[in-house]
Amino acid sequence: MTKFFYLETFGCQMNVVDSEQIVDLLGRVGYVQVETPEQADLILLNTCSVRDKAERKVYGHLGRFKPLKEQRPDLIIGVGGCVAQQEGERLLDKLRFVDLVFGTHNIHRLPEMLAGVTGEKQRRFETEFLDAETRRLLFPERKADDAVTRFVTVMQGCDNFCSYCIVPHVRGREISRPSGDILAEIRDLAAGGVREVTLLGQNVNSYGLREAGEISFSQLLRAVHEIEGIERIRFTTSHPKDLSEELIACFGEMPKLVKHLHLPVQCGADPILAAMNRGYTRAQYLEKVARLKDVCPDIRLTSDLIVGFPGETEEDFGETLALVAQVEYADIYSFLYSPRSGTAAAELEENLDPKDKQARFDRLLALQQDISARIWQSDVGRVLPVLVEGVSRQGGGQLFGRTTWNRIVNFTGSPDLVGRIVPVRITASFKNSQAGELEADEVRAAS
Ligand code: SAH
Ligand code: SF4
Ligand code: F3S
């Protein structure tokens, strides 16, 4: 008999990729995905604990399922991802209606754990990290579907231990995937129609450094660049301290590499950067930004910033504002500092009350909104190459794709163009997307 599962995913791209694996594994043991929890025999949440808000959201959503379980005691409720990793068995103690808890290294165990829950009627948890022998299980090979652009995991975990960050605690030590496996997967994806890959890891710049005989991240990029059919390459996330001169040079030399780099700075003041254990100074960061702009003048940068880290003075915050104004990021993702238990910074006393923290956050946002609007508005009137990703759900003959700067562009065109890079004249710029018109003559000439 077919069984149905409902899956909700929180958090970062890592979790999105992990959820794809969950869907694949459950499909193999006869489960079919459904759109609402009410239709499901199995409900799974893939969770994030990076900030308090993210974690509370998970608990809020879990609470919604309790009445369903009361109505249908056979319903199985499982929790995976970073909250599951952190809480482990405690989650089973706290939430009596949860049956199954699996950590970030235990996704491959899901079918067996499920069999235990359904067969032996036992509540189960597994949160052990993989070891040297079994770590390849972290990187299951993924096949092409009809997507034009795909994420390819090149590493898992993080060794940086930024003092505020829970990720190294819940994802484990940094492990690089063998380059042979990565390249084989990308060749396969390219043969299946994928045109853009995003190489994914918590800190891709240190790819391979801890593995004897492995190539470096720049070498990996060069090898991906050689693969026929791949037209665009992105990667995320980069840690500024590991952004080598060799990698910076790639932006000037590799036509398939996009002119966009997400380079989280977190803060613009040296004392706070040191307390965050980021491993670079303001000057070192700005030097790398200057080098990037030297080798690739139209590169656009984006960043993550944390506001209100313990000890942040008005002067420190002023340095952050000045840095943001100087770098001119195309976009930033800013977060209120949120203490995470188990991290080094959780021991530090917070000096700001929530109101002042929020006021700083708002100032940063206002500054960035002006910069972003100016940058994205400057595209209007220009003809930009857009990789067409698909047909818009809204219909009306609309296609959508992205520019090299990762901005979504909506425009009218034939579905045959999906998978191709076409010239689009940008006609309007909105908060998160742009509108454009196909330069039809040029498309005909090129085909
Ligand atoms: N590995 C990536 C992403 C880490 S999590 C990186 O190093 O950039 C994504 C972002 O969440 C971080 O860049 C940071 O800005 C933010 N973040 C992490 N922990 C946080 C915390 N305790 N409080 C507020 N923001 C946090
Ligand atoms: Fe967290 Fe720092 Fe690692 Fe990023 S580099 S995941 S912020 S510890
Ligand atoms: Fe969240 Fe885990 Fe990603 S804590 S940000 S889902 S690595």
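Each Cβ is built from the backbone N, Cα and C atoms, and glycine gets one as well.
Predicted automatically and left uncurated, TrEMBL annotations should be read as such.
These come from TrEMBL:
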- 3-119: domain 'MTTase N-terminal' (DOMAIN)
- Cys12, Cys48, Cys82: [4Fe-4S] cluster 1 binding site (BINDING)
- 144-374: domain 'Radical SAM core' (DOMAIN)
- Cys158, Cys162, Cys165: [4Fe-4S] cluster 2 binding site (BINDING)
- 377-440: domain 'TRAM' (DOMAIN)
Whole-number Å value for how far Cys165 ([4Fe-4S] cluster 2 binding site) lies from Cys12 ([4Fe-4S] cluster 1 binding site) (Cα to Cα): 14
Euclidean distance between Cα atoms of Cys48 ([4Fe-4S] cluster 1 binding site) and Cys165 ([4Fe-4S] cluster 2 binding site), Å: 12
Non-site residues, in chain order, whose CB comes within 8 A of the mean position of the CB atoms of Cys158, Cys162, Cys165 at [4Fe-4S] cluster 2: Asn160, Phe161, Tyr164, Ile166, Val167, Pro168, Gln202
Nearest-integer angstrom distance between the alpha carbons (Cα) of Cys162 ([4Fe-4S] cluster 2 binding site) and Cys82 ([4Fe-4S] cluster 1 binding site): 17
Whole-number Å value for how far Cys158 ([4Fe-4S] cluster 2 binding site) lies from Cys48 ([4Fe-4S] cluster 1 binding site) (Cα to Cα): 16
Local confidence of the prediction over the domain 'Radical SAM core' (144-374), expressed as mean pLDDT: 97
Inter-residue C-alpha distance, Cys82 ([4Fe-4S] cluster 1 binding site) and Cys158 ([4Fe-4S] cluster 2 binding site) (nearest angstrom): 13
Candidates Cys48, Cys82, Cys158, Cys162, Cys165: member of the binding-site residues with the richest Cβ shell (10 Å): Cys82
Binding-site residues near ligand 2 among Cys82, Cys162, Cys165 (Cβ under 6 Å): Cys162, Cys165
CB contacts for Cys12 ([4Fe-4S] cluster 1 binding site) [other CB atoms within 10 A, all chains]: 19
Environment of Cys12, Cys48, Cys82, the listed [4Fe-4S] cluster 1 site - residues of the same chain whose CB lies within 8 A of the CB centroid: Phe10, Gly11, Met14, Asn15, Thr47, Ser49, Val50, Ala54, Gly81, Val167, Val170
Number of helical, extended and coil residues in the domain 'TRAM' (377-440), per DSSP: 5 helix, 34 strand, 25 coil
